[in-house]
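Q: What Swiss-Prot lists as region 'Disordered' is 1-25, 132-165, 205-312, 506-527, 558-579, 622-646, 1055-1080. Annotation comment: Swiss-Prot describes 132-162, 233-244, 258-273, 509-527 as compositional bias 'Basic and acidic residues'. Sequence annotations record features per position, and here Swiss-Prot assigns compositional bias 'Polar residues' to 205-224, 625-637. The annotation compositional bias 'Low complexity' is assigned in Swiss-Prot to 289-312. Swiss-Prot lists 348-353 with the feature motif 'PxLPxI/L'. Residues or ranges marked as compositional bias 'Acidic residues' in Swiss-Prot: 560-571. The annotation region 'Histone deacetylase' is assigned in Swiss-Prot to 651-1080. The Zn(2+) binding site feature in Swiss-Prot is assigned to C663, C665, H671, C747; the stated evidence is similarity to another entry. The annotation active site is assigned in Swiss-Prot to H799 on the grounds of similarity to another entry.
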Amino acid sequence: MSSQSHPDGLSGRDQPVELLNPPRVNHMPSSVDVSTALPLQVAPTSVPMDLRLDHQFPMPVTEPTLREQQLQQELLALKQKQQIQRQILIAEFQRQHEQLSRQHEAQLHEHIKQQEMLAMKHQQELLEHQRKLEQHRQEQELEKQHREQKLQQLKNKEKGKESAVASTEVKMKLQEFVLNKKKALAHRNLNHCISSDPRFWYGKTQHSSLDQSSPPQSGVSGTYNHPVLGMYDSKDDFPLRKTASEPNLKLRSRLKQKVAERRSSPLLRRKDGPVVTALKKRPLDVTDSACNSAPGSGPSSPNNSSNNISAENGITGSVTSIQAETSLAHRLVNREGSVTQLPLYTSPSLPNITLGLPATGPSSGGSAQQDAERLAIPALQQRISLFPGTHLTPYLSTTTLERDGGTAHNPLLQHMVLLEQPTAQTPLVTGLPLHAQSLVGGERVSPSIHKLRQHRPLGRTQSAPLPQNAQALQQLVIQQQHQQFLEKHKQQFQQQQLHINKIISKPNEPARQHESHPEETEEELREHQALLEEPYSDRVSSQKEVPGLANMVQVKQEPIESDEEEAEPQQELESGQRQAEQELLFRQQALLLEQQRIHQLRNYQASLEAAGMPVSFGGHRPLSRAQSSPASATFPMSVQEPPTKPRFTTGLVYDTLMLKHQCTCGNTNSHPEHAGRIQSIWSRLQETGLRGKCECIRGRKATLEELQTVHSEAHTLLYGTNPLNRQKLDSKKLLGSLTSMFVRLPCGGVGVDSDTIWNEVHSSGAARLAVGCVIELVFKVATGELKNGFAVVRPPGHHAEESTPMGFCYFNSVAIAAKLLQQRLNVSKILIVDWDVHHGNGTQQAFYNDPNVLYISLHRYDDGNFFPGSGAPDEVGTGAGVGFNVNMAFTGGLDPPMGDTEYLTAFRTVVMPIANEFAPDVVLVSSGFDAVEGHPTPLGGYNLSAKCFGYLTKQLMGLAGGRVVLALEGGHDLTAICDASEACVSALLGNELDPLPEKVLQQRANANAVHSMEKVIEIHSKYWHSLQRYASTVGYSLVEAQKCENEEAETVTAMASLSVGVKPAEKRPDDEPMEEEPPL
């Protein structure tokens, strides 16, 4: 049927309606015609019926559209919701950002305010200091003017007043002096301190123009009356003397001077002006007393009669000018301007108590002055040697600057002395009297006299143990600083005793040239050159014992000439009285000295007992004890044995001078790298007994030439010199001014950055000593004198680059030692392992293109976000050195931190395979312990145990025939570094190590460590083929790796046994026919 449209709007496909079309309606009866209207009524109802019952085609057309519209509406709603949420988040972020910005700005303002307050406080302190200095200077000026006025009044006095005749005041003073002399001497024996008030020295000297030439009214020798160091009050001043203006006094004084110059006994020289100079009679103050020593100047040392007489008669008796605020040796200047030495050998490893002060003019009686000063210095040295905790140098060096510098450097010297006083002078002065003549026996003094400019006996090994009482010496001292001083003191004291016996037997023996030891640097030889310029025979003309004092003191005596008969009988009587009184005084003070020595030894014994150490002095002879008789030869005979060689064991090197490298602020809490680090390690090694099993060697300062093997000349000169010897350098060699290289730290000190502090006096010496100690130890191990070694040194060095100090480091000790091994010993292969938690950027820079030095560093890297930022795994070297720079750089932060498992795995899979393939001749270790548990995040953050480092050390000992040297680098937690050092030294000694915990053996390395190791193996496997074998075992635990290696070893063994078993079976059938061939 066709689907035609109809007027009623129905389509032809509507079959029910199609039956009622009009043509058919016309043939129907009329009675039914009414039904024609039915379609009109039925049609409206039929349409919904069709939709409901038959066809539903219109619905699929309308529903997708609606759903699409609904989906679009929902999408729009979601987008609007997301937009709203995004706007809310942005608004919240902006709000928080603004809040943080405000907080940060407030913190900045607060920080700036604090800095301003600190700056203002510092400025106020400076102003206050300047005000005090100005006030002090004004007081000095007033005192000086007052003295000049007094002097001018005396010069301009009327002719009618008395001039040459002693006044009533003078007579009263003389009488008071005689009555109080004995009381003053006894008082001076019991009081051993110096007044810090400079006016204390000026009390009774304003009348010096009236008290210069009268003979003394007491019979006490002037050479002993006035100690160089001791209690010095107004009553102890030189006796007031009459001026030498009358002819009879002039004649008498000149006669006395002539006799005194030729008199045999120095005890009779009371009035010998040129012999006893102002320096000798002046007390050694540590405060300022700057003045000239012209006759009548008052505040300077009281001049004796001969000086004034010589000046008045046209003979210039120049007296040395003494600058303000100078230390001990500045007062002990001889006639050439050089400084008198202490009798010990010149060791660069002990602190210097003085910097020397040049004299302004020659003194007319220099030889006798030197003689008395030489007797004074041993007395000081032997008294000081009993004081614990006092860091004293065994020598007073004389430099070219001191001889030729004149007064131009005096302000610099004063500045150096001011910097030195808080640590050196205070313990030195307290309780130590120093007399113009020695208080000990001749045998104890004479070695010091002759030792000053004689060479040391050849053939002594500096690191050798003492021939006698070495163990007793170690038990005697519990404080390591004082113990080291006593050990060195004992070695040199024995040698001096041996040497002085030869000198005594040959008093007129000509001088011999100074022999330098290998440890002495060229700088030290230059410092001692001044002492060599004057012949020894000029200083020691003859030796003769003084009757009655042979067992007390030995002094230089001049030949007796016939002119001695010109002396008046009265002088002889006075001399005898003075000699008897002098002898009595000597005995009293010798007894006092012995009592003090016994008191010190008892203190040591008590400290040893408190520490639980055995106390056994037995036959040990105290180092500072004098021989009781010149004829005693038992002690010198014992040191004639040849020095023993060092034991072939682990070597240790340490020096207390490195303790002086510390910030001037004095607060160690704000400076992680402080002196307590190495002091604690040394104490731990001593407490555990490890130090006694090792061989302790003597360190030295590295020379400037040695430093320049790694560092630039400007860097070496800037950080390897102190202000005193820096003045001798060419200013053009120093790049820029010194002040531009340092900054003021928040603590008030000075440094090159916030971490690397600088002490103008001690830092250069400590840094050079650290390098020299490492060099000495490395060379002794490399040459086979020692088995291995551990250097307890500071400051560290592996961050120091060619021209840049950083990270607490100034000179790269390990790199310098490696360079010198190549240059001096032609060592072809050197392995440097750096297990400090920070990358050794300085060491890497020094050998980045050297194929003969393999540098392996294990450090925290964190993609360059941990100090110093270098040490990426792809930094493999350059040029010929490609592949010889291995950075085992751990990345991943502290989630979780690296521990024993990770480091042991790195050693097993990276370090040891490469090291074995390299096959080094010497192994050097930059042994930083800041990866040990206990260090804060900025300084490490890892959780290694101390015993782990013992196992790492033990593995390295399998290389290079055991020639392994560890040098301390970082590590700032005292407990951690002490434990780790103990573990390493124990491993070096070959002791059985404590087993690792089972957890460490079973645990696998964390994912970050595995990824870091795989990356290193991937980079370096093309340079080191042995890494490929361990690439698959990085994820194994130690137990699993050991099991795998055992299985491989068993497999190899089985294969080898199979190959060995087949060969005999094949040979026997071959052999048997050959034996049977002849019968056939």
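Each Cβ is built from the backbone N, Cα and C atoms, and glycine gets one as well.
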Q: What are the DSSP helix, strand and coil residue counts for the compositional bias 'Basic and acidic residues' (132-162)?
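A: DSSP composition of the compositional bias 'Basic and acidic residues' (132-162): 24 helix, 0 strand, 7 coil.
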Q: Have a look around C665 (Zn(2+) binding site) and count the other CB atoms within 10 A of its CB, chains all included.
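A: For C665 (Zn(2+) binding site), the count of other Cβ atoms within 10 Å is 15.
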Q: Taking every protein chain shown into account, which of the recorded positions H671, H799 has the largest tally of Cβ atoms within 10 Å of its Cβ?
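A: Selected residue: H799.
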Q: Pop the Cα-Cα gap between H799 (active site) and H671 (Zn(2+) binding site) into the table, whole Å please.
A: 17
Q: Quick one: Cα separation, H799 (active site) versus C663 (Zn(2+) binding site), in Å?
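A: Checking the Cα atoms of H799 (active site) and C663 (Zn(2+) binding site) gives a distance of 19 Å.
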Q: Near C663 (Zn(2+) binding site), which residues of its own chain have a C-beta under 8 A away, given they sit six or more steps off in sequence?
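A: Counting only residues 6 or more apart in sequence, the Cβ neighbours of C663 (Zn(2+) binding site) under 8 Å are S670, H671, L745, C747, G749, V750, G751, I757, N759.
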Q: Give the sequence-ordered set of same-chain residues, not counting C663, C665, H671, C747, with Cβ within 8 Å of the centre of the Cβ atoms defining the Zn(2+) site.
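A: Neighbours within 8 Å of the Cβ centroid, excluding C663, C665, H671, C747: Q662, T664, G666, N667, T668, S670, L745, G748, G749, I757.
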Q: Would you mind checking how many other C-beta atoms are within 10 angstroms of the C-beta on C747 (Zn(2+) binding site)?
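A: A 10 Å sphere around the Cβ of C747 (Zn(2+) binding site) contains 18 other Cβ atoms.
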